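Working notes for the structure below.
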2 protein chains.
Amino acid sequence: MLDRIKLTDLQSKVMTAEESANFFEDGMTVGSSGFTRGGDSKVVLKAVAERAKSENLKITLVTGASLGHGTDAALVESGALKKRLPFQVDTVMRKNINAGNVLFIDQHLGETAEHILDGQFKINLGVLEVAEILEDGSLVPTTSVGNNAVIAANADKLIIEINTAIPTNIKGIHDIYSVEEYGKRTAVNITECDTLIGTETIKVDPSKIIAIVFHDITDAPGDIQPADDATAAIAQNIVSFFENEVEEGRLTKSLMPLQCGIGKVANAVLGGLEHSDFEDLVMYSEVLQDSTFDLIDSGKMKFASASSMTVSQECYDRVIGNIDSYKGKIVLRPQAISNSAEVIRRLGIIGINTSLECDIYGNVNSTHVSGTHMMNGIGGSGDFARNAYISIFVTASVAKNGNISSIVPMVSHVDHTEHDVDIIVTEQGLADLRGLAPRERAIEIINNCVHPDYKAELLSYFERACAERGGQTPHILEEAFSWHSRLREKGSMKKEELLMVN
Amino acid sequence: MLDRIKLTDLQSKVMTAEESANFFEDGMTVGSSGFTRGGDSKVVLKAVAERAKSENLKITLVTGASLGHGTDAALVESGALKKRLPFQVDTVMRKNINAGNVLFIDQHLGETAEHILDGQFKINLGVLEVAEILEDGSLVPTTSVGNNAVIAANADKLIIEINTAIPTNIKGIHDIYSVEEYGKRTAVNITECDTLIGTETIKVDPSKIIAIVFHDITDAPGDIQPADDATAAIAQNIVSFFENEVEEGRLTKSLMPLQCGIGKVANAVLGGLEHSDFEDLVMYSEVLQDSTFDLIDSGKMKFASASSMTVSQECYDRVIGNIDSYKGKIVLRPQAISNSAEVIRRLGIIGINTSLECDIYGNVNSTHVSGTHMMNGIGGSGDFARNAYISIFVTASVAKNGNISSIVPMVSHVDHTEHDVDIIVTEQGLADLRGLAPRERAIEIINNCVHPDYKAELLSYFERACAERGGQTPHILEEAFSWHSRLREKGSMKKEELLMVN
Ligand SMILES: CC(C)(COP(=O)(O)OP(=O)(O)OC[C@H]1O[C@@H](n2cnc3c(N)ncnc32)[C@H](O)[C@@H]1OP(=O)(O)O)[C@@H](O)C(=O)NCCC(=O)NCCS
Ligand SMILES: CC(C)(COP(=O)(O)OP(=O)(O)OC[C@H]1O[C@@H](n2cnc3c(N)ncnc32)[C@H](O)[C@@H]1OP(=O)(O)O)[C@@H](O)C(=O)NCCC(=O)NCCS
């Protein structure tokens, strides 16, 4: 175990998680590793939650993205969290955010590092999971990079968790690069998905390391749901769209670098590509999922870049157990780089993200149920949607047994404006909004994407809005959220007549 | 005159505007020069409008931004426009867009070139104002660059307007650079405002030039309104904010590169800097205005980069008459570069843009009056707001004699989401939203920015939304647009009691 601390001076810093938790003070801002369950703090933050049960200890917690192992829930339940950013997916935390008990900053994942650099969040303490500490004190990350490098560089003090479940030969799958301070910044010089611009490890001032904690806990496995009918139809619609773009000469058989949000649709789309004519695919995304590794293993995908891996236990064992064989095929980068505006624009990415609801003009809500209640957060969807070559949003046309239409007159919250949305896909079909003005988009979306139960009413709304109010983006403001109000009052967006029938 | 066509073979292409108008065909997509009145087509598009009066001739028109000399109005009135993008400011056109007579695509100005490159808009005919055609056929632009380079490269045919009112020694103030096709793209390697990465002229295949038309019409002067009390107070609030940032060590006396939207507030802010302690300022913006040249002439500003200049007649004469003395102090670039996401992020820009309305959570509407009717368009505000180091939005707290509050419960259209808005400023004060969660932002905005007439009601809305509905972003959806409805019905957002009093 101790041989994982090659800078032997630091071996004296080894302690238990409980001991390390004593370094936390009320009011601190803490930065930790962890991105969609990959490479998160497994024991130190849990010990902090324990401490907070009996003490007044409230922190602001900045991570890469979501954590696994119920850590966010444990912190919330013990009252240890004042503020949380930039993303979460935890049921308990979600409830407490929406109740106003925890302040949540929903942030473009590519920008969190900027806000650490510019001093909006001064990191008092960093908690980073690593595979090993090398002779010069530099850190070998594990299954995610997230904001680890900017935390390591900017935190006053660091607590290191060494995860012995991760083999040390994971060294070599990371590419660590941080932007310089303003005035000295140069381009983030990635010109292909596999361009490496950084170092294999995270440089750190070893004197900042105040504690080292060992554990051997693997990442909480991703919970991949099998494709249902709607998901499979959405995936098929996207694959057909790609095939048509190839036919029209706008894409080649290797498409463009792919970005996929996490979840079953993304997995189904990538799965669909496996049984297709496409070849030599590459990925420049946030998270590597099972489907990514399946494409790599089957030879369909040449290279995949992301900030983290979130996979099933089976896939985890396959990849981590054979990590050397994936070198040169995958890379994990800081999220400021995986989600870098300039790289996304330069590479010409096809971005596929999921929305909660879209409106008839192509605005997208990815975060707020009924405009008020946080689901997860915007994540990286904005980083990609804004700068993608083609920005695709997917959603089933209805949710909650058909009682919610995912296409509404006006979205109750906007995460992605009409400017940043090229294609909307449901199981009903695909709306290609490229080159269309708002009134043209409305017809395309209503015709192709809306569930039959809601189509007539949506068309009627649009037609009345044009006739009665007009404008570039016709709306009847008093009615724009009437579907949401109906849902709130009657439990369904459906009109009474339809409710009687169904 | 003819000596402005150095490639003598092309001299045979000289003709009148009316003759050149015959090259236009119904259904064509036309790309033209022109960016906020600078360097626009002065005679050819007007001749097209004439032709369309007696013929069925409808085109899609893609420009840099807005045109001067009533050209947009002339085109609309003669029925020559089917579709228009990416920006406009014309009263007649606005009316016709909102009536559904002209389809308008409101587009991030930095992205139009991408949509030409990716084939969304295939340019059949380009109309470009130039100062001169050189020996190799390359074009010397005039007072804007806009989308000229991408139009020159991608149009099937080109019509050139040579403006003899512009001295040929304007050559040298432009820096022409276009991104490569995907797969071959490299970084847009600007690391300082004054980095030059391109050529002085626009390369073009001379065989594409089918007509050359001479004129000597200067740009329509910018209409700069003097600062009123509200504007002066907004400017003062921003200057004080900068002073405080310097005091806190987050900015230096040369600030960061400035971007300012056009209009009186922007002019007032820059004017405010002239009588301040700031020094060695630089600008990386879209448009150079009078205030920019005043700062340069007084020695306060070292360098300014933009895509166009839009100034008063006095300033125009001063600059164009002494253009050599401004070389090395200003540069005009393609709008894909002036508004490039990567350059804006890399340079760390302070972006100052104007909103129509903001809401209590920091979402901004820059374009749609009451959510439906287009004002001008998003312009470059999104390009800058998303990637700026500090993104500032300004607005008077009320409009239309106090009958409209510019801070509302929920914006009726979203151009800039809460993620992309750092600071909101009205004449009442400044709300610094950095590092705040939505509920914290609401308090900051209501306390600092709202007009007294609307403050109590807005606070009541927020408190009731928190108590009755809760959530990350508390809203009472049925009430969210009630202020807009009241305005529509009663001509004022004010409550009846207040209307009686005032
Ligand atoms: C939008 C998002 C929540 C969709 O999640 P998903 O798991 O793919 O999709 P689902 O259809 O299963 O929907 C998730 C839940 O939202 C509900 N839902 C979907 N649409 C809804 C709507 N319009 N209104 C209310 N609830 C809705 C579903 O019923 C489901 O509820 P359940 O968990 O109680 O079953 C998710 O993709 C997300 O958080 N996106 C933002 C972050 C992001 O895009 N990151 C990209 C890079 S990783
Ligand atoms: C938002 C924008 C329209 C404000 O324009 P401005 O001239 O600076 O500001 P003004 O306060 O004079 O407002 C312009 C008009 O809108 C009206 N207005 C302002 N706020 C309003 C509101 N909330 N609702 C309705 N009308 C409103 C004003 O009364 C005024 O009307 P008038 O022309 O009939 O007098 C303008 O800045 C714009 O088009 N911005 C988007 C493009 C952009 O930001 N580009 C940036 C780079 S150039």
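The backbone N, Cα and C atoms fix where each Cβ goes, glycine too.
Look at TrEMBL and you will find A:9-174 tagged as domain 'Acetyl-CoA hydrolase/transferase N-terminal'.
Counted within 10 Å of its Cβ, the other Cβ atoms near A:Asn376 (CoA binding site) come to 19, all protein chains included. As annotated by TrEMBL, CoA binding site applies to A:Gly261, A:Ile262, A:Gly263, A:Lys264, A:Val265, A:Asn376, A:Gly380, A:Lys400.
Around A:Glu286 (active site, 5-glutamyl coenzyme A thioester intermediate), the C-beta neighbours below 8 angstroms that are at least 6 residues distant in the chain are A:Phe35, A:Thr36, A:Ala65, A:Leu109, A:Gln259, A:Gly261, A:Ile262, A:Ala306, A:Ser307, A:Ser308, A:Gln335, A:Ser338, A:Asn339, A:Gly379, A:Gly380. The active site, 5-glutamyl coenzyme A thioester intermediate feature in TrEMBL is assigned to A:Glu286.
Each residue of the domain 'Acetyl-CoA hydrolase/transferase C-terminal' (A:322-461) gets a DSSP state, and the totals for helix, strand and coil are 47 helix, 37 strand, 56 coil. The domain 'Acetyl-CoA hydrolase/transferase C-terminal' feature in TrEMBL is assigned to A:322-461.
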Taking all protein chains shown into account, the Cβ-based neighbour count within 10 Å for A:Lys264 (CoA binding site) is 20
Residues that sit under 8 angstroms from A:Gly263 (CoA binding site) by C-beta distance, when 6+ apart in the chain: A:Gln225, A:Thr354
Densest Cβ neighbourhood among A:Gly261, A:Gly380 (binding-site residues), 10 Å radius: A:Gly380
Would you mind listing, in sequence order, the residues at least six apart from A:Lys400 (CoA binding site) in the same chain with a Cβ closer than 8 Å to its Cβ? none
